[in-house]
Amino acid sequence: MKIIVCVKQVPDTSGKVAVNPDGTLNRASMAAITNPDDLNAVEAALTLKEQTGAEVVIVSMGPPPAESMLREVMARGADRAVLVSAREFGGSDTYATSQILAAAINKIGVEDEDIVLCGRQAIDGDTAQVGPQIAEKLHLPQVSYAAEITKEGDTITVKRMLEDGYMTIKVKTPCLITCIKELNAPRYMSVGGIYECYSKPYEIFDYNTLKDDSLIDPTTIGLKGSPTNIFKSFTPPQKGVGMMLEGADKATCDKLAGILAAKHLI
Amino acid sequence: MSNYNSAAIEEFKGGVWVFCEQRQGKMMPTSFELISEGRKLADELGEKLYGLLLGHEIEGIAKELGGYGADGVYVCDHPLLANYTTDGYTKVICDVIQEYKPEVMLIGATNIGRDLGPRCAARLHTGLCADCTHLDIDVPKYKDFLRSASTLAPAMIDSIPEDDRNLKMTRPAFGGHLMATIICPRFRPAMATVRPGVMKKNAFDQAKADACEIIKPNFSLTEDDMETQVVEVVKAAKKLVDLIGADVVVSVGRGISKDVEGGIKLAEELAEVLGGVVGGSRATIDSGWLSADHQVGQTGKTVHPKIYVALGISGAIQHKAGMQDSECIIAVNKNDTAPIFEIADYGICGDLFKVTPMLIEAIKAAKAAK
Ligand SMILES: Cc1cc2nc3c(=O)[nH]c(=O)nc-3n(C[C@H](O)[C@H](O)[C@H](O)COP(=O)(O)OP(=O)(O)OC[C@H]3O[C@@H](n4cnc5c(N)ncnc54)[C@H](O)[C@@H]3O)c2cc1C
Ligand SMILES: Cc1cc2nc3c(=O)[nH]c(=O)nc-3n(C[C@H](O)[C@H](O)[C@H](O)COP(=O)(O)OP(=O)(O)OC[C@H]3O[C@@H](n4cnc5c(N)ncnc54)[C@H](O)[C@@H]3O)c2cc1C
C-alpha cells in the first residue's frame, strides 16, 4: 500500500509581504515554507503508515530549490520524494497544475489499496482547486475538508467539515482526500530522520519523463496553455487612516457614541 | 456528449447560470446573492439568467429564485441527489451543461461549492476562478471598479481596451496582499466560485418569482455513478452565529487573554446594545475561546456590517481581509501602532477591559437621548 502526498512550497504570507511596483509579488523578500495544510496531509499519511506499514511518497511541483522542503518531509518520516520540475510547467493554473501532478502520480502508480492526500488549500494561490482536479483527472473519488480519517480494510471513513456541521462519508480506496488543520498536529523532524533523509530515494520528473503520459496535453500546460489567464493584478488601496480619539476615558467614549448617533449608526 | 467542445466558445449561448445550493431542502443564502449578481452580468451580456437546482423534492423552493432575478430554474430532482455528493452532483451538472451550454457558470464558494466547482471545471475542460469577490463583463464598469479598489495608475487603467467581453473575475490571493482579475478567454463556460456574503442581494419581487420558468432537463443517475456514500449529515448542535447577515459585529482577539470569559462577556454586552453578534480573530478560535463559526477573516467569514468593533485585535492582513469593507470600523487596542488602527474609522488606544464598559454606558446613554 502507498500513500502519495502532494506538498507545495509556498512563500510565507503571514507576515509583511512586499509587492513590486508592477503589482507582482516580491517572492525574494519572503521565506519559503511548506504549505501549512500539506503538513497535516503528511501527518495523516505518517499516522496511516504506522497503522498499516504503507509507503509514504511525497510529490511536489516547483522549481529545484523545493528539494530542501522534500528532504525535510522525509526527515519527518516519508519514504521517498518526487520533484516535478520543468520550464514547460511554469505559470500553470490549477487546471494545468493538476494535469501535470496527475501524470506524475500516474507514473508513481496508483494501485487499488492506495490513497492520495492533498492539503485543502495553498496559502499563495489560495484556490483549493488542485486536489479535486487531480482526483477528476485520475478518475478517483474525492473527499475534501477532512477533519478525521479512519481506515478499515479498503474502506475509508472521513469526517468532512461543512460550515454548519459535518458529513460522515465512506469511500473505498483508491481515493483522494484533502486535509484541513483540524485533522491533526504535525510532528517534528526526528534526529534520526534528519540523518536519514539524504539517503532516501529522491527523483526528479522533468518534461521528458511525463510528456508521453496520456494525461498530458501539451496545449493545456504551462503559462500559455492554462485555461485561466491573469488579466490584471493589483494591490488594494489601504483604507484611509481614520481618526484616533484622544484618551481612553469616559469623555472619549461619550464622544464616539455621539458620532455614531449623529451618523445614524445607532 | 461526443460533440461537446469547450473551445467552440461561440456555441455557448445558454445564458448565465448560477448553481443554487440547498442543504436539507433549505436554500443557502449565497444562492440569492449569486442570482442577484448573475442578473447584472446577464444584463451586461444581453443573455438570460438561470438557476441550476439539484436535490430531492426541492421544486417548491425553485421559484423564489425568480424573485431575485432568475428568468428560469433548471430543476434536477432525484433521490440520489438528496444529500450533496461530489460524484452525483458533478455528473448531473456536467451532463446538463454539456447539453445547454451556458456562457457563464457561478457557484457559491462554500465548502460544498469549492469541492464541486473544480471537479466540474476539470471534467468540462474549462478554467475556474476561485473565491471571487467582484465580477464584471463591461470594461467601463470594470475600470470604475479599478479606480476605487486598486492602486493602479490612472493611465494604466485608461489603457485597457473597451471591447473585451470576457467575464472578468477578481479575487484576492497571497492572503489578500494581492488582487488578481482572471479571465478564461479560450474555453466556456467561464466558471467562478464566489465568496459568500460579498455580493449584494436584490430586493425580492414576488411578481418575478411567480413568472419564473421551471425547466426539468433530462439526466441519468444511478447507484453505479456514486463512489462516495454519505453515512450521516450532522448539523452543529449549537445555533451558529450569523456573522454574514449581521448589521453589527463585535469581535474579540487575543487581547482578552488575561480574562477570556470577562472579555467575551463584555463583547456580548456591547453587541447587545448595538444590536449585533460576537465574532473573533483566528487567535481566539485556535485557543478554543470561541467556536469556528465566529471566525472573521481570510479563512473565516467575510463580513461588511454597518459597525465592526475590534477589541484587542492586532489587525493582521488575514483578519483585515474579512472585515475591511465594513462601513464603520471601531478599534480598541492598547498598542497605538497596532495595524488595525490603519483601517479603523475610530481608534481608541487603551485597555479594552476599561474602555468597553464605558463605551457600553455611553452608547446606552446616546440611544436613550434620541
Ligand atoms: C494571483 C494569482 C491568482 C490565481 N488565481 C487562480 C484561479 O483563480 N484559478 C486557477 O485555476 N489558478 C489560479 N492561479 C494559479 C494557481 O495559483 C496555481 O496553479 C498554483 O500552482 C496551484 O494553485 P493553488 O496554489 O491555489 O493550490 P491549491 O489548489 O490551493 O492547493 C491545494 C493542494 O493541492 C496540492 N498542490 C497544489 N499545488 C501543488 C504543487 N505545485 N505541488 C504539489 N502539490 C500541490 C497541495 O496539496 C495543496 O495543499 C492564480 C495564481 C496567482 C498568482
Ligand atoms: C493562512 C493563514 C490564514 C489566516 N486566517 C485568519 C483569519 O481568517 N482570521 C484571523 O483573524 N486571522 C487569520 N490568520 C491569523 C493572523 O495572521 C493573526 O495571527 C491573527 O489574526 C491574530 O489574532 P489577534 O489579533 O487576536 O492576536 P494578536 O495578533 O496576538 O493581537 C492581540 C492584540 O491585542 C492587543 N491587546 C492585548 N491586550 C489588550 C488589552 N487588555 N486591551 C486592548 N488591547 C489589547 C495587543 O496590543 C495586540 O494588538 C491567518 C493566518 C494564516 C497564516
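Just so you know, glycine gets a Cβ as well, placed from its N, Cα and C.
Noted in TrEMBL for the protein shown:
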{"type": "BINDING", "residues": "B:Arg254, B:281-282, B:295-299, B:312-319, B:Asn333", "note": "FAD binding site"}
{"type": "DOMAIN", "residues": "B:16-230", "note": "domain 'Electron transfer flavoprotein alpha/beta-subunit N-terminal'"}
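Here the features listed in TrEMBL are placed on the structure.
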residue: B:Arg254; record: FAD binding site; DSSP (3 states): helix
residue: B:Gln295; record: FAD binding site; DSSP (3 states): strand
residue: B:Ile313; record: FAD binding site; DSSP (3 states): coil
residue: B:His319; record: FAD binding site; DSSP (3 states): helix
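Compared over the binding-site residues B:Arg254, B:His319, the count of CB atoms lying within 10 A of a residue's CB peaks at B:His319. Counting every protein chain shown, the Cβ of B:Ala316 (FAD binding site) has 21 other Cβ atoms within 10 Å. Of all Cβ atoms in the protein chains displayed, 31 besides its own lie within 10 Å of the Cβ of B:Ile313 (FAD binding site). Counting every protein chain shown, 23 other Cβ atoms lie within 10 Å of the Cβ of B:Gln295 (FAD binding site). Spatially close to B:Gln298 (FAD binding site) yet at least six residues away along the chain are B:Pro172, B:Gly175, B:Gly176, B:Ile317, B:Gln318, B:His319, B:Ala321, B:Gly322, judged by Cβ distances under 8 angstroms.
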